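One structure is given below, encoded as structure tokens.
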Amino acid sequence: MADKPLLPELMKAHGISRRGFLKYCATLTSMMALPPILAPKVAMALEGASRPSVIWLSFQECTGCTEAITRSYAPTIEDLIFNAISLDYHHTLQAASGEAAEAAREAAMEENWGNYLVIVDGSIPLANPGFSTIAGISNLEMLKQTAEGAAAIVAVGSCAAFGGIPHADPNPTGAVSVADIITDKPIINVPGCPPIPVVMTSVLAQFLAFGLDSIEVDDLGRPKAFYSETIHDRCYRRPFYDKGLFAESFDDEGAREGWCLYKLGCKGPTTKSVCATVKWNDGTSFPIQAGHPCLGCTEPDFWDNGGFYKPLSVPAGDYRKLGLAAVAGGAVLGVAGGAIARSVKSSAAAKHEPVTPDDLEKKS
Amino acid sequence: MSASLEKGLNALREQIDAPVASFFTSCVSCGICAEACLFYQETGDPKYTPIHKLEPMRRIWSNEFTLLGRAKSMLGMGRKVTEQDLADWEELVYDSCTMCGRCTLVCPVGNDITMMIRKMREGMSASGNAPEELVAGAKRHWEKGSPMGDLLPALTAHVKNVEKSTGIQVNVDKKGVDYLVILSAQEVAVYNEVIEALARILDKAGVSWTFSSEAFEGTNVGIQIGSKDLAREFVSRTVNAAEKLKVKGVISPECGHAYQALRWEGPNLIGRTYPFEVVHVIELLDRLRADGRLKTKGMDHAKLTFHDPCQINRRGGINHEPRRLLNMVADNFTETEDAGTMNWCCGGGGGVGSNESATELRLQAFQRKKRQFEAVAPEKIVTMCAYCHHILEESLEHYDMDIEVQGLTELMAEYLEDA
């Protein structure tokens, strides 16, 4: 594996010009919110990257994340990123299978103990280890084994980052996220269902070029470069929101005019992602542009945050019963409190003795 | 009978109503009331924070009127209000609060702190923690008709003198006239020039009026000391006299809390509306001005400024009237800073001026007005409250400031157009 060709040779083989490569590096640099002056450094780092070993583990997932990254808009360049790393194990992509595949993983781990990168997509079932196994090894066990010698873990997709759809109520498999299990390794969450491909590769590129410490994350472990602004803040339909112009249904005039989808359940205001700026499929579009409200897939528990078509201001869950109980309870307490206060006051009034100037002094 | 702690606590319980409960509940301890308080501003001592002056009442509310407080009290956790607490609070409730109403105006959650101080004083007086000067004043008022004793002989003498010097007949106990004129003890005893001034102005305007030998005193120690029973008795005297004389209106004098007592608290104290109108004398003069019945000649060229009495302006609503009148007769009228509804108190209102123990604090508090007067440097300060008049004179003298103080009615009479 160490004799893989370096990036410049690969570029030539794939018919990519150096100019194209540098453009890609500049894009990455700006996406990572790095100053443009660092673009050459990104290029140099990628060209001469030390090719760390990467092990990609897929657990309870739909392969959507892998599909997205391999079908991204510049597949050859994104592919190169994979070539800049040494992807030693990825059970969807690798040719080997069965014991040979597991042997490859074990060999990579042994060879690079303490230095390899683990990428995880999919959640881990805890209810029964038999719910998801690979080569007879449960997901939980494989994650623990592999993570032990890892330098860092990248949890790709909402399943790995937050539990995702398997974790959704009633969570039959007891699915949890990587961070719920591994607590002693740095974990970078790249959520999304799936994440935007270029976001995934940018995180890897930044890791390659500047190391783990250069990746600043938010309180949910997401790289700030891609998850610090809401979709709403950058949405091209935002002016309609500000003017109070909303589509009320999917076939009304507002929908045809491209007004704000807030009332149709858009989660853009509470969802942090670069969808509205980077967009998907070679920058072609993103859900809101296609006329569908944002589902909020980069946020934890997006599947259970009320209905996809319920406006954000409508509370999720069985709030009516709870609310009624709270109102009733409050009313009972209020009436009781009021009755007590009134009785204290009226008994005081009953005890009132008219005051004359003679009553103003204490006489002993 | 005697005052006692139990009576005081009972009086406080009686005073805690829905507004008080909601005020205590909604206080967010922001401290903005302190910034509005003359006594906190001039001393910087946080104990003068207005809402803190209500702590004993707040504790009773919390211990006895709230579910959580009652539960705590049952477990012996609520801090009870003791004899000592009330004694300690006397200074805060009586000496360092003129009930000027600034704190109420600035409270961001709309708490009427001034009204709560008034209520708090009910408990203080019933528990025997009212200042001795106010207690003595209440006794004199109860027995002799005025906190300064029996002033009827003095009033009778003034009436005679005015009749002699002006040739105008001054009615006493005359039925069916338009107005019953009430004075304040301070005016009868000290600033009696106002009687002649008023007689001349009302005569010229063709307003019929009378004094009552039974009720010429507008002061109400019951309001100051905080006793609704006393306040009701004192207000009733005026109401009864006015009803007996069948007047259309009662003219409230240049006296802050007399106006407060008769105009705003009175109907609540006696539990019904009046069959007559209450009008402040300056309000009436401004009406006469608007009707063209008050005509003046000449101008006072001296540099004048005006002191707003808290109870008449901020808590009484009479703000533009005195200014319109002043501009009729003064061509060098300059306002002080904060003049109008956010004016600072003279420091003597709400009974503070009569408390011997408050003198030092009151004079310290006066420094705010002192600085404001120094900035304007007037030759004369005009006001429309005899007690402000008295406190201003006393404080100016203390600080060696040679500025004349005059009542507005008197100033207007000076420039009254001759027949």
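Glycine residues also receive a Cβ, built from the backbone N, Cα and C atoms like all the rest.
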Given that TrEMBL records A:CYS62, A:CYS65, A:CYS193 as binding [4Fe-4S] cluster 1, the matching residue among A:CYS25, A:CYS159 is A:CYS159
Cα of A:CYS65 ([4Fe-4S] cluster 1 binding site) to Cα of A:CYS297 ([3Fe-4S] cluster binding site), in Å and rounded, measures 13
Cβ neighbour count within 10 Å, max among the binding-site residues A:CYS62, A:CYS159, goes to A:CYS159
Residue counts for the domain 'Cytochrome-c3 hydrogenase C-terminal' (A:227-306) under DSSP, helix then strand then coil, are 29 helix, 6 strand, 45 coil
Sequence-ordered, the binding-site residues among A:CYS193, A:HIS232, A:CYS260, A:CYS266 whose CA is within 10 A of the CA of A:CYS297 ([3Fe-4S] cluster binding site) come to A:CYS193
Students should find that the Cα atoms of A:CYS294 ([3Fe-4S] cluster binding site) and A:CYS266 ([4Fe-4S] cluster 2 binding site) sit apart, in Å rounded to an integer, by 5
Among A:HIS232, A:CYS235, A:CYS266, A:CYS275, i.e. the binding-site residues, the one with its Cα nearest that of A:CYS193 ([4Fe-4S] cluster 1 binding site) is A:CYS275
Rounded Cα distance in angstrom between A:CYS159 ([4Fe-4S] cluster 1 binding site) and A:CYS235 ([4Fe-4S] cluster 2 binding site) is 25
Across every protein chain in view, the count of C-beta atoms other than its own within 10 A of the C-beta of A:HIS232 ([4Fe-4S] cluster 2 binding site) is 22
Comparing local Cβ density (other Cβ atoms within 10 Å) for the binding-site residues A:CYS65, A:CYS235 points to A:CYS65
Its residues classified by DSSP, the domain 'NADH:ubiquinone oxidoreductase-like 20kDa subunit' (A:62-206) shows 68 helix, 31 strand, 46 coil
